[in-house]
Amino acid sequence: MSKLVVIGDGMVGRRFLEAVTQRDPSWDVTVLAEEPRPAYDRVRLSAFFDGVSAEELSLASDLPGVDVRLGEPAVAVDREARTVRSSAGDYAYDKLVFATGSYAFVPPMEGADLEGVFVYRTVEDLESIKAHASGRRHGVVIGGGLLGLEAANALKLLGLETQIVEFAPWLMARQLDEAGGGILKQHIEKLGIGVDCSTGGTRISAVDGRLLMDTNREGVSYETDLIVFAAGVRPRDQLARECGIAVGERGGITTDLACQTSDPDVYAIGEVAAMEGVCYGLVAPGYAMAEVVADRLAGGEATFPGADMSTKLKLLGVDVAQFGAFDGPLATTYLDPVHGSYAKLVLSDDATTLLGGMLVGDAEAYPLLRASVGGKVPAKLADLLGGGEVEGTLPDAAQVCSCNAVTKGDIMGAIHDEGCVDVPSLKACTKAGTSCGSCVPMLKQLLAEGGVEVSKSVCEHFTQSRAELFDIVKVTGITTFSELIARHGTGSGCDLCKPAVASILASLSNGHILEGEQAALQDTNDHFLANMQRNGTYSVVPRIPGGEITPDKLIVIGQVAKEFDLYTKITGGQRIDMFGARVEDLPKIWRKLVDAGFESGHAYGKALRTVKSCVGTDWCRYGVQDSVKMAIDLELRYRGLRSPHKLKSAVSGCARECAEARGKDFGVIATEHGWNLYVGGNGGFTPRHADLLMSDVDSETLVRTIDRFLMFYISTADRLQRTSKWVEALEGGIDYLREVIVDDKLGICGELDALMAKHVENYADEWKGVIDDPEKLQRFVSFVNAPEAPDPSIEFETVRGQKFPAGTTARSHTQPVLLGTPERK
Amino acid sequence: MQTICEFDRLIPGRGVAALLGDGTQVAVFRLFDDSLFAVANRDPFMHANVISRGLVGDRGGEPVVVSPLLKQAFSLKTGVCLDDESVALEVFAVEVLGGEVRVGVRAEAEASA
Ligand SMILES: Cc1cc2nc3c(=O)[nH]c(=O)nc-3n(C[C@H](O)[C@H](O)[C@H](O)COP(=O)(O)OP(=O)(O)OC[C@H]3O[C@@H](n4cnc5c(N)ncnc54)[C@H](O)[C@@H]3O)c2cc1C
Ligand code: HEM
Ligand code: SF4
């Protein structure tokens, strides 16, 4: 067997190993790796400070026939004998590959070796920065390029006041022109990070446990706790130099387009290679080199296809992108200092071909532009320059994912021939989107362009969508799941269709949700009318309409929580949660609450949760309508209403919007003349502000319109589709919605009104229904054969004077926060 | 085998938990066709005794229970987790005798049969 030795298990080395073992598994491969851990995603290194662990960044894969020797750097190469010496032994090779990457460049400067001075390259670097930053206040980053900005971001995340010092006259001078660099600086400074350009450090000294850095500028020096060098990288070509392999003038192992060095049995790939004299500091060209050498070793003729040096990054919330040529015969620019955006497009002199450009502040057009480099300008210049999402179609040859060299043609092929229907399957099939991820939005667009429609069927048992099932139930009057699945579905159901059908039956007012067969459909939470928590205990949330509560009722909550030893917390919905209730205690707890006049808050259900309110006219000097009264009325009207997803609402007494109504499924804001109604807002994973549906309406119109909005939503939405997505998905959007529920364009308002009237009429408290029914009460036990026994495996511990599930608080990874301490006299 | 309750006490399509003499917790399910299944009650992912409170149904015809916490599905026949085949619930023997439901450890039940 032929022997292959690879020096370096970094991003490119690892990609090379994958490519080689795939093409020609007959090689006997040894990898000498200096770092203590297998290859990891250096590009995403900074995610470490967002809590992503080193393990999660790992690129390690089990490769057949590959012996990876971690923590065993190569120290010498003997080309005569064809051996590599490592710190532990000698390895013979037939072919040798250098994939040693780069090291961080530290300019020769007095004091650069002091404690508290770091570089930014490896997991270990980041770990030491983190350890040193703890309890300290200020940090300086030397270098305002891509890497420097990432490092500054990291220091800011670590809570340090951060200063960037850049030698060039503007930030990201290798990617941006002066105007772009200026806009970027404006953004970065707005985030509280200092930026000094045309400034270079000259000397670092230790003063009183801190660091002092002098600069080339008269009178400018920085007192700081920590300095990070991000001033560029240099190829790690030392070993190659020592064994007489040719290196470039400015460093790097010289190679031809086949990655071959001056010794035909030795290749160099990744950042260490100076291909025809050029070192590439990005991962995509390195991956291309890895593929080239793998092909060559398998007898192929591949050569380096040329590099796409496009970059896009989002740092501290600022989008910056550069693609293709930096400058050229014809350039158009657009500068908007008010909104902090800058765009520049470089065109051929006949203005037909896009050669490149840059975007700062708004990079929505980047995927389209990058993929169009070398081709026709893909849309109107004004649209491309002006920012925002741009529509345009790409030619098939356009490269969509530059990290992995995937074209639009490849993606469309995967959609049509391989049956890819979503982003994960495209990733698996083409590798597009698996490295930096910046092309993922483009993948989604291409899926839509390829005509992929997301299936709306509820699950494997029903081909119908939720809306279709709703219609079936409404029209046929079916009242049980077994009848529905027997007539309109297959199999015995699952955790997707059962709760969905349960919700439909409940929306259409079919009695108590735990009555008869309906009991078997309810998700655990609905089944016990409480939210299951991580240790199998439940939370108890009584309804507090509008957030208004009497002192007497507050006392009852306190007493109940005390008696049953419950953890209490005030929720974001203006009510009180009690956690840690054992299943067998639920009926006893609710007996006390119901006796005191409380009802179920439906915190467990896909149903109306709360209607928050501000303090309104009664107390607030700004209020123009009685927001509290309206909130209570709305909450009582819609309590218990089952829906495709949870529903939240709020009412504010004036335009100051203290109740945050626009973040709700339906929000009401008082005006001088009545109410404004907003719909389709939500917080959560992707927050969205609600849209204005009607303005200045009286209370009666308001309530009637909300009735119809809710019933139209419940009748037509998909399973687990919140109102925001539902409104967005309506063809014609909010205007169409207004035509249907205000102008009655479809002639269904009468029916919607009747459905809501039925709900209001049939409402009954679910908990009262349980505690008055011995049959239902029977179910609230931990063990069917030992009704009195609590589950012995549930344990608690005490933190901040309250109980918590045992073992959970220690699991949290958060850093301690310094607390304000009252002055002691 | 140990008697845990009357058969009529079980609701079709739902489960109950039972505490065996040695402290083991078993989840027992009655399906709509009145068939019975028994598996361990402890969720192997979240380590809480809650499997009995999961929803039952089928996946491609295989009867399953879905954990109420993180929604992994487990085969009621073999206990194997369909979302991660390296994890499984222990399966227990279950039978109805004279209108009463009895459960026991598999090996024990086979030995006495
Ligand atoms: C914070 C950060 C952010 C980045 N962001 C991006 C980005 O957004 N986009 C992008 O394209 N690129 C980015 N890069 C650059 C990208 O990480 C590199 O281009 C890529 O890692 C190069 O791969 P490589 O395998 O050539 O080198 P490396 O990944 O550095 O791997 C080289 C490996 O060789 C080992 N080694 C060196 N000498 C020896 C020896 N004698 N014996 C054994 N092992 C040895 C090293 O320890 C190292 O593990 C970023 C880099 C950093 C540090
Ligand atoms: C005298 C006048 C005011 C009174 C009595 C008042 C009262 C309140 C109360 C009680 C809350 C808490 C609501 C809750 O816990 O959910 C609140 C929140 C809020 N108020 Fe006001 N407010 C007043 C003026 C204002 C003004 C002038 C503004 C804006 C310009 C404002 C903006 C907000 C916002 C945004 C919140 C939500 C903050 C949060 O939930 O953390 N308020 N207000
Ligand atoms: S929304 Fe207006 S009325 Fe309500 S509390 Fe805020 S300022 Fe007062």
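Cβ atoms are placed via backbone N, Cα and C, with glycine included.
Those TrEMBL annotations? Automatic predictions, nothing curated.
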Return the residue out of A:CYS614, A:CYS749 that TrEMBL annotates for the same [4Fe-4S] cluster site as A:CYS620, A:CYS654, A:CYS658.
A:CYS614
Which whole-number mean pLDDT does the model give the domain 'Nitrite/sulphite reductase 4Fe-4S' (A:605-743)?
92
Output, ordered by sequence, the same-chain residues six or more apart from A:CYS658 ([4Fe-4S] cluster binding site) with a CB under 8 Å from its CB, or 'none'.
A:CYS614, A:VAL615, A:SER652
Count the other Cβ atoms sitting within 10 Å of the Cβ of A:CYS654 ([4Fe-4S] cluster binding site), across every protein chain shown.
20
Counting other CB atoms within 10 A of each CB, which of the binding-site residues A:CYS614, A:CYS620 comes out lowest?
A:CYS620
